[in-house]
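Reading through the structure tokens given below for one structure.
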Amino acid sequence: MAPPGPASALSTSAEPLSRSIFRKFLLMLCSLLTSLYVFYCLAERCQTLSGPVVGLSGGGEEAGAPGGGVLAGGPRELAVWPAAAQRKRLLQLPQWRRRRPPAPRDDGEEAAWEEESPGLSGGPGGSGAGSTVAEAPPGTLALLLDEGSKQLPQAIIIGVKKGGTRALLEFLRVHPDVRAVGAEPHFFDRSYDKGLAWYRDLMPRTLDGQITMEKTPSYFVTREAPARISAMSKDTKLIVVVRDPVTRAISDYTQTLSKRPDIPTFESLTFKNRTAGLIDTSWSAIQIGIYAKHLEHWLRHFPIRQMLFVSGERLISDPAGELGRVQDFLGLKRIITDKHFYFNKTKGFPCLKKAEGSSRPHCLGKTKGRTHPEIDREVVRRLREFYRPFNLKFYQMTGHDFGWDG
């Protein structure tokens, strides 16, 4: 038999060589796929765990939760890595992202907050309430562990427009057990047909022991609002910030004037017939200040003990005192005290030494503290006479003399 030729020998030696190369290629491919899988798992883990880290630091409130080693808006607790059992749950959750609150409506409470440089007063800033305060959840780690939930509000600031509702809400947000929507939901007056599920979804997440709040000052003058809120929960606590109705009306007009400089004068809008001294109660700036009339609708659905009436004047002169009453009413520990405030002489009202989650002073923005136009003294006198009987009735109904007729 003839010995194998060169071609046959080459074919025989090439076969084991090709099998060896194939096995090496397969091994490298498996190693590459395994490495990619491990990298993917690690990347997913890092993304999931990034929430607590991001939540511990930050700049402006709109861009993210501000902080200084604590988590904004919640109990001041240090973030620690979860136990092994909790890590497993944590890995199954999507990466947490902040939700911006809905844009505020044009209802007269558009005030923003200004962040000041330490030692300065009235400096412009970049964070705000309403449209610019981010809903940074309290205890981000706890929320990532599915320990927080969205609840319907247990307390609502229902009024009044230009009474000081924005200031009250922002002061309350300093409290670690208060979680509030920054923007005004306007659910019970404009969006009721969207349903309670939609309303609940607007709320920030809360932990056990925390209170969910919102404020929409137009509720107080909305006829349907009392019945609608009662239908949601008869136990809802209601807060009304009231102010001298004459001053409130002028402030209301001043705000409108800043947006529409071509409107008639305050004096011409106040009277149906100035000669006869007949006040035009259909003008909203006047109508809102008839507090006793609006309160009657609320008392048909809520007992007076479930309503707290906050003085807008005292909120300026003694913010800590009024906040003490509010905290008691809400069943909260008195954490907000004098140490949280300083009086800004330039603006003429108190500011927070430390706003929610910030290490710098915050004041209500440029839209607050506008200079009021000069109003005819005779018009002011007639307005005071008009409001006096309504004020006296309001004092009797609430059991509190606000001193607007002194």
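Cβ atoms are placed via backbone N, Cα and C, with glycine included.
Remember, predicted model here, so these are calculated numbers, not experimental data.
As annotated by Swiss-Prot, topological domain 'Cytoplasmic' applies to 1-24. Residues or ranges marked as compositional bias 'Acidic residues' by Swiss-Prot: 107-117. Per Swiss-Prot, the feature substrate binding site maps to Arg166, 184-190, 215-218, 255-259, 283-284, 367-370; the stated evidence is experimental evidence. The annotation N-linked glycosylation site is assigned in Swiss-Prot to Asn273, Asn344. As annotated by Swiss-Prot, disulfide bond applies to Cys351-Cys363, with the evidence given as experimental evidence.
Recorded residues Asn273 (N-linked glycosylation site) and Thr216 (substrate binding site) have their alpha carbons 33 Å apart, per Cα-Cα distance. Each of the recorded positions Arg166, Asn344 was scored by how many other Cβ atoms lie within 10 Å of its Cβ, and the smallest score goes to Asn344. Rounded to the nearest whole angstrom, the C-alpha distance between Thr216 (substrate binding site) and Cys351 (disulfide bond) is 22.
Sorted by the number of other CB atoms within 10 A, the recorded positions Gln255, Asn273 start with Asn273, the lowest.
Cα of Cys351 (disulfide bond) to Cα of Asp189 (substrate binding site): a distance of 31 Å. Counting only the Cα atoms, the space from His186 (substrate binding site) to Cys363 (disulfide bond) is about 25 angstrom. Under the DSSP three-state reduction, His186 (substrate binding site) is assigned to coil, being neither helix nor strand. The C-beta environment of Ser284 (substrate binding site), restricted to residues of the same chain at least 6 apart in sequence and closer than 8 Å, consists of Asp252. Taking the C-alpha positions, the distance from Gln255 (substrate binding site) to Asn344 (N-linked glycosylation site) comes to 21 Å. The candidate set comprises the disulfide-bonded residues Cys351, Cys363. Of these, Cys363 has the most other Cβ atoms within 10 Å.
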